[in-house]
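Sequence annotations record features per position, and here Swiss-Prot assigns NAD(+) binding site to 12, 13, 14, 15, 16, 17, 18, 108, 115, 132, 133, 134 based on sequence analysis. Residues annotated as substrate binding site in Swiss-Prot: 95, 101, 134, 165. As annotated by Swiss-Prot, active site, proton acceptor applies to 190, with the evidence given as sequence analysis.
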C-alpha cells in the first residue's frame, strides 16, 4: 500500500545545515524508504536567501527523488508550518562579533516566539518539532512556551550531535566499533557544559567504564573534547559543523519517528521533574523511542561527579531561560 505523503517543514532551508539535510530527507533517510514527503521550506524574506532557496529546490528537482512528493518555498512561518507533521527548526541567528549573550537570546527569542505561535496555529496537532538552531535547548523552550495548544512532548532540542561525538570518541578510545557502543547519554545543555556520561555504556556487551578505567581521561580529555568539538571544527574548517549537525538531526528524527530498537539515544526534552531537573526545562536526557514516542530512561544512579556536572549544565540553562522569560 502506498503511504500518504507527510509534510516536513524546515527553517533556515538554504543555510549550510539545511543544504546538508534536505537531500537526505528527500531520499528517505529520515522517515523511511517507503514514506513520501512534501518539503515546506522557510527562509528569511530577503532576496538573497530566497534566491538561494530557489537554487536548492532546483537541485532537489534534479535529483528526481521518488519519495519527494512536492515542495514549496516560504518566507512566512504561518504558511511554511501549515499542516506540518514534522518541523526541523534549523534557522537561528548566530552570535556576531561583539554580540552579548543577552542580545543573542533576545534576537533568537523573537524568532522562536513567532515560530512557536505559528506551529500552535497551523501545524498538525501531532507535529514533531526538533530545534537545531542554537541555543537549541532555550530556543526549544521558547517555541514550546509559545505553543500552549500543542503537547509539551512534541518539542525537542538536538543533543544528538553531542551524543554521536561522544560515541565516536569512546569507540576510538576502546578500539570498538561505533555500532557496538550502547547506553551512553548526554545530560543537559547543547553547549560545552553538556555532560557526556558513559558510566552505563557497553561496547559489545562489556562495560565501557571498566575498559577505560581512567577518571582523569574522562574529566580532562573526553569531556572537553566532546564539549569543545564544535569550536575545534570551526577552527579547522573555517565554518561550523553543518554536515555532522544535519546527520544528527536525521538520526534524532528517524529514531523518534521509527523507533530506536531499544537503544538509548539522547534528546533534549521538557523535564517532568525527574533527576532533580525542574519542570519544563528542556534538558538532554537518555530516552528510548518506540511507536512515535520517546520514553525517559528512569532510575539511573548519579554519583557525586555526575551530580556536579549536571548541576553546572542546569545552572547555565536556568540562566538562559531566565534571560528570555521576560519575552514570553
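Using the three backbone atoms N, Cα and C, a Cβ is placed for every residue, glycine included.
From a predicted model like this one, the values you see are computed outputs, not experimental measurements.
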Let me spell it out: for each of the binding-site residues (16, 115, 134), count the other Cβ atoms within 10 Å of that residue's Cβ, using every protein chain shown. Which one has the most? 115
Where residue 95 (substrate binding site) and residue 133 (NAD(+) binding site) are concerned, what is their Cα separation in Å, rounded? 11
Other CB atoms, at most 10 A from the CB of residue 14 (NAD(+) binding site): 24
Between residue 190 (active site, proton acceptor) and residue 134 (substrate binding site), what is the CA-CA distance rounded to a whole number of Å? 8
Of the binding-site residues listed as 101, 134, 165, the one whose CA lies nearest the CA of residue 115 (NAD(+) binding site): 134
Residue 165 (substrate binding site): secondary structure state under DSSP, collapsed to three categories: helix
To the nearest whole angstrom, state the Cα distance for the pair residue 101 (substrate binding site) and residue 133 (NAD(+) binding site). 15
